[in-house]
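Here is the structure we will look at.
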Amino acid sequence: MTWRSPLALVRDALRGQRARENELRSLESNLPYEGLEKGKQPNRYFTSNAIKTTKYSLLFFIPMNLYEQFHRLANLYFVGLVILNFIPQVNAFQPEIALIPICVILSLTAMKDAWEDFRRYQSDRKLNNMPCFIYSRKEKQFVERCWKDVRVGDFVKVVCNEIIPADLLLLYTSDPNGVCHIETANLDGETNLKQRTAVSGVCNTHPKFEPESFKGIVVCEKPNNNLNHFKGYVEKPDKQKVGAGIESLLLRGCTVRNTDHAVGFVVYAGHETKSMLNNSGPRYKRSKLERRLNIDVFFCVILLFTMCLIGALGHYLWLNAMPVVPPYLVPPTSGQLDSPSLASFYMFFTMIILLQILIPISLYVSIELVKISQIFFITNDIDLYDEETDSRIQCKALNITEDLGQIEYIFSDKTGTLTENKMVFRRCSIMGTEYPHKENDGKLFQKISRTSSSSLSHSQKTDAYLDFFLALAICNTVVVSMATSQRRRVSAQNAGSIFKFCKRKPKRNRTFTEDSEEHFQPSGQTEGVRTTGLQPCSLHPPSLSDKPALTSDNLRYEAESPDEAALVYAAKAYGFTLLSRTPDSVSVKLPSGEVLDFEVLDTLTFDSNRKRMSVLVRHPITKEYVLYTKGADFAIMELLGTPYAGMLRLDGNKKNIATVTQRHLDCYAKEGLRTLCIAKKVVSEAVYKRWSVDRKKAMAAIEDRERLVMDTAVQLETNLTLLGATGIEDRLQENVPDTIQALREAGIKVWVLTGDKPETAVNIGYACGLLEDEDLVINMAAVFQITCTNILDCTLEEVRRYNADPRNVDTTLNMSLVIDGLTLDKALSPDLLDRFVALVKHCRSVLCCRVTPLQKSRVVKVIREKLKVMTLAAGDGANDVNMIQAADIGIGISGQEGMQAVMASDFAISRFKHLKKLLLVHGHWCYTRLANMIIYFFYKNVAYVNLLFWYQFFCGFSATAMIDYWLMIFFNLFFTSLPPIMFGIMDKDISAEMLLGVPELYKTGQGEGDYRFTTFWVSILDAFYQSLVCFFVPYLVYQDSDIDMFTFGTPLNTSALFIILLHLSIEIKSWTVVHWIIMLGSVALYFIVTLAYSAVCVTCNPPSNPYWILQSQMEDPMFYLICILSTVVALLPRMYIHLQIYYYGKATISRTGVNQH
Amino acid sequence: MFRVSVLQTTDVIPSKEKSRCGRVGGVSRSEKMVKQESESANRPDNTAFTQQRLPAWQPILSAGIVIPGFVLIGLAFIGIGVALLVTSRSIQVLELDYTGDGNGSPCSSCSQSTTVNCKCSLNFTLDTLFQGPVFFYYGLSNYFQNYRRYGASKDDNQLYGDLSYFTSPSSSCSPYDYDGSKNPIVPCGSIANSMFNDTFTLTRTVSGKTDSVPLDGKGIAWWTDYNVKYRNPSVTPLKNAFNGTVKPIDWAKPAYELDTSDASNNGFVNQDFLVWMRRAALPNFRKLYRRIDASGDYQNGLPAGNYTIDITYNYPVRVFNGAKKVVFSNVSWMGGKNEFLGIAYLVIGSLCVVMSVVMLIVYAKFKFPDEE
């Protein structure tokens, strides 16, 4: 490093700053500068690929961590107290000692932070040292380096199944079409493959790729976190610009699939990559209990201030009553006593210091510990483990475990949540004829083979059957991958640790392999049909001779939605095998063995407004422009033009195919099948030409592009010819009815919000027990606001009449509501909202059909806000994300549909049935444990602090503590801290079997639950009572005696320990070895530490004098008699009430238990 | 730290990547094994702890256990209560106030005047033997030795005999650390300064003859205070250690002359000083002054007769509405007389028994459901 003038350094730094902040960046290749010093590198201003996610550095850990921690109000409070203690007028203890609690809490938190940071450091290091290939000019080849060595401007080669180290502009792939597939599961959780295309013409690629030939400049935008957007171009030396979008960008963290290797130019590295910019921390949700808790902390503050005011006032009166200065009143150094009012003003603050532990600061630390342990137990529950996918439950939100115990409403998605979302092709209706797939008849096959052979021989004539299956095979966005390039999970752990927002790699690939193929394998006789009825393949050698390995057996289809994959497999089962798909062409192998290469002219992708998708292809034989459309039945039916004229003639049947098909569709829906309609349209060349101009214009539009593109799609999708319809079965997940039954018994209302049609939803509703035969099902499907109003009014009136009827005192109206999206919109309008909410309060279950993601979240929000209830939303797809985020608890089901739902969720489970144990057992436990622990904590602090408070009445309100300050700190820190934490982690008020067997027990947590206003104040009052007993029993015994201060404090402290621990023992419902060890250990620790301290501390802690006091007390029988008496008197009322509740509770449990069986 | 393995740019075939840095894979069979193993890698441990199925004991609070339990506790408490009450009743206590509030009281003249060593005497008569061992206390009322600043006003290191703290007392003693002319005060602080300085002698008048009752002042302080916590500096004579220091402002004599009769009972280990320095917990307290020496006539305590306490009245208490008294008491295993504890045990014991009876009635009437 040569010496450079500071001015030059500053100038360089400024230039770097400007380069980084610039809206556009110009990047050059590093290769010409290889080996030069840093100052000469063209891209030196941009961050390197080494990442650092650690918050702290080794050197500045302490100041930075302290800064972080002082953001917490509680810590500031404590520090304020310490500062108060350093003011001589108000200090209660030696200033140094007052530092101890805050130091302990700060250092505990710091240790936790340091550990977490160290873990981040380790994962950073692991990532930074991952291998990758960078082109080196010197060696004329790609050499292996680490990720951290990658710089902007480098050429990096990635090979199949490898994770991409930085954001690369794709320049070359091994694929002749310049295509590279990536899997973005690490970024957005979607497991389907995405295509990326290389920027062509900027490098020599023949015969091999030469990075050195790259002479252009890459201009790109400033880094941003939008994963689906990238703007940039490559400016060649001849000033020609080649545009590049997101379709040419390989994102860091993605995995290369199905592509042997690819080379890219590094545009963003390290922290500027899109994945790192997306890497935001975990979300913070506040639980209901915590909100309640904060109110109670506020009450504690009021209580503290009241007590301090009493102390100050008492001190004032005490001083005023003094006729002259008594010998024990020490004047300050000046020799002049403060006036009583000033002295009592100071005393107020001294009292705050003395009674500070009334605000349970350690409570927050303890709650965090308890929640972490609760999450440990939840994630380790073997019942919530799914063998099939090898996945545990994931807890993403760490601080709302207790909310699981208070749920009143569950909003569930249907597909993938209640059902498997493993689509099985069941039936189809082609040209008005219904064919069940299950008992697969040769009929359909024969028809296909006949038509397909005929269509080949007379290629002019197309046939509906052929078209139907061709549409199934073509009209989709399925990606074909070969079994040979099997996906291997490459260092999944590494990847998981960087991309924090994706904690777990999705284990379930949506690749339909052997087992799923079984569903589609036409049974028995089809083999015969195939061999006899079809021409042997050898006569028609595959046209794709350059891919010899491509046989239909090792094909896998990867689809964004499982329906698509199911349809493609179904088509394959009938001989229409989708062989490959590139952006421009689709090749399909016909049953005859012939391979047809369709030129794909355009794909009109699916959107939720149109609810359909289309593919415009050019038939290789007829050269016709054909549009195949697939979509929701209502979306297709309204676009139908003239019926299929030829078909009608053929069958000699005048019936309207559309009506017949509609009837079939209704049948399918009643069976709970998912229905899709398939249609086609032949587009004349002229129309196509005209349309494609519009289309191109729309695609090129900058403003309002989405709308324009959609409009062009709508333009073309008219006058469709119905080919047929399909029915796909989506089986219910196991134990769904059972789970729903249990949840309902637990007082939880289950709603289903689905995008499916009402018939399907109602069917599933009956299947999973949401609707029952004797239920009154109200079907709300109103087109007009006024009808909607009428229905609501009538139903509410009926409910009122029913409830008013004296015969129905014990029963409630079993009413369920089925409502569709359109009606829901009206019902949620401001003037009907209240009536709607009033109605649904009476409904046992509500099914909302055909709702959009936004409506889903709207419903959740309305119920949550209007009824003030705890809500839980469960879903698996991207359309559930809104709802999941709107609810108090979002449950993601890691299923077939990507990971967005899981990403957005607070808890991710793999099966719906897991909800039962999660809520009924873990929810109940977490809630009662935490609620009881918090109440106990308040009690504990108040009870202990009040001992000091009562003493103030006997020491002239001078803030004297009769307990050694160290022992006071130890008391809170060691002797009585572990038992409540253990109580919060391990207490089991009711066994898991009982909770699962008697779901009604869950109701204890709902609404106000265990932790309510009264419980808090009852325990505070109990604390006052117990502290009174604990103080006044020794007081009355030692009144007028020669007892000294610290000897007086010892039985107080000891009996306080026993009272506080035994109080907890009354609350503990079941004792395990751990309980015994911790409880007895705490008592033992108290005696050991106090004895040791009393033996060692001769002059260590003036003015206190603990020396040999416990020892001498323990020789005195009075000590034991006092401890026993105050413990028994203090706990007698609670014990008695507890016994009564125990008997009462036992009675209720056994009564409900009897009712159950 | 990484190896650089050179690969041809053109022929990267998937099989080669196995030999690359960090992921040296084996043959496909071992890979398969790994895969199978990892198939259930996420499976939680099925242990009693992680599954929250540790063997647990639930306290069974059936009536068959609780009612007898309550009866037993109640009876035990009643037993203890009776024992305590009987013991407490057997303790004799004699309290004599000598503040001198009323005009008729013997020390009223002394309480009015500010004379040093004002003398007054109290007479009392014992009809029966005051059972020994008899302890002689002085008592103060409305005296807040537990006042915070008062309690802090001492220097433990000085009292431990550390000479360096003789010349510079701790600031906690302030304003009793230096006198007006900046001489260090030893022992410093408010507690020492306010030491109780009334003295008492006890005489018995038997058939006109006055007999002084022997009082024993040894061992009235805590053993640990005398031997561990408080020490005189190891300087002989003791007086030299106090060179350059002054006595506390309100003291008549310096610390090394507290007991003229016993040279070893001086300095910081003076028994009266130690007793005073151990601060009382409550504003009404007594402190041990002397024991009646169990010798001669006083073998069994104080015999019946007329007694006189001669008091050297110095300590002012009336100014802050305080009171002074002398107390004679004998002690038992439970210390001084205290009726409260015995009564409390009796009450709680009876309450337990009553509660168990109530529960029994309820039980007999409704039959608790846990016994099917």
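Cβ coordinates are placed from backbone N, Cα and C, and glycine is handled just like the others.
Annotation comment: TrEMBL describes A:42-97 as domain 'P-type ATPase N-terminal'. Residues or ranges marked as transmembrane segment in TrEMBL: A:293-318, A:345-367, A:951-975, A:1016-1037, A:1043-1064, A:1076-1098, A:1118-1137. What TrEMBL lists as Mg(2+) binding site is A:Asp413, A:Thr415, A:Asp876, A:Asp880. The ATP binding site feature in TrEMBL is assigned to A:Asp413, A:Lys414, A:Thr415, A:Glu564, A:Phe606, A:Lys630, A:Arg674, A:Thr754, A:Gly755, A:Asp756, A:Arg850, A:Lys856, A:Asn879, A:Asp880. Feature annotation from TrEMBL assigns active site, 4-aspartylphosphate intermediate to A:Asp413. Look at TrEMBL and you will find A:511-548 tagged as region 'Disordered'. As annotated by TrEMBL, compositional bias 'Polar residues' applies to A:522-535. Summarising the annotation, TrEMBL assigns domain 'P-type ATPase C-terminal' to A:902-1138.
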Beyond the flanks of the transmembrane segment (A:1076-1098) by 6 or more, those residues with Cβ under 8 Å of it:
964, 966-967, 970-971, 974-976, 978-979, 982, 1053-1054, 1057-1058, 1061, 1064-1065, 1106-1111
Where A:Phe606 (ATP binding site) sits in the secondary structure, as DSSP reduces it to three classes:
strand
Translate the DSSP assignment of A:Gly755 (ATP binding site) into the three-state scheme.
coil
Please name which of the binding-site residues listed here, A:Phe606, A:Arg674, A:Gly755, A:Arg850, is nearest in space to A:Asp880 (Mg(2+) binding site), Cα against Cα.
A:Gly755
Based on Cβ pairs under 8 Å, which of the stretches A:293-318, A:951-975, A:1043-1064 lies most in contact with the transmembrane segment (A:345-367)?
A:293-318
Whole-number Å distance between the CA of A:Gly755 (ATP binding site) and the CA of A:Asp413 (Mg(2+) binding site)?
9
Distance [Cα-Cα, Å, rounded] between A:Asn879 (ATP binding site) and A:Asp413 (Mg(2+) binding site):
9
Rounded to a whole angstrom, what is the C-alpha distance between A:Asp413 (Mg(2+) binding site) and A:Arg674 (ATP binding site)?
15
In the chain carrying A:Thr415 (Mg(2+) binding site), residues 6 or more apart in sequence that have Cβ under 8 angstroms from it:
A:Asn421, A:Arg674, A:Asp730, A:Thr754, A:Gly755, A:Asp756, A:Asp876, A:Gly877
Enumerate same-chain residues with a sequence separation of six or more from A:Phe606 (ATP binding site) and a Cβ-Cβ distance below 8 A; give 'none' if the list is empty.
A:Thr477, A:Arg612, A:Met613, A:Gly631
Of the residues in the domain 'P-type ATPase N-terminal' (A:42-97), how many are helix, strand and coil by DSSP?
25 helix, 0 strand, 31 coil
Helix, strand or coil by DSSP: which one applies to A:Asp876 (Mg(2+) binding site)?
coil
Excluding near sequence neighbours, so keeping only residues 6 or more apart in the same chain, what lies with its CB under 8 A of A:Arg850 (ATP binding site)?
A:Thr754, A:Gly755, A:Asp756, A:Lys757, A:Pro758, A:Asp820, A:Gly821, A:Leu822
Cβ atoms near A:Asn879 (ATP binding site) (within 10 Å, other residues, all chains):
22
With the ATP site defined by the record as A:Asp413, A:Lys414, A:Thr415, A:Glu564, A:Phe606, A:Lys630, A:Arg674, A:Thr754, A:Gly755, A:Asp756, A:Arg850, A:Lys856, A:Asn879, A:Asp880, how many Å span the farthest pair of C-alpha atoms?
25
Name the residue among the binding-site residues A:Asp413, A:Arg674, A:Asp876, A:Asp880 whose Cβ has the smallest number of other Cβ atoms within 10 Å.
A:Arg674
Where A:Thr415 (Mg(2+) binding site) falls in three-state DSSP terms:
coil
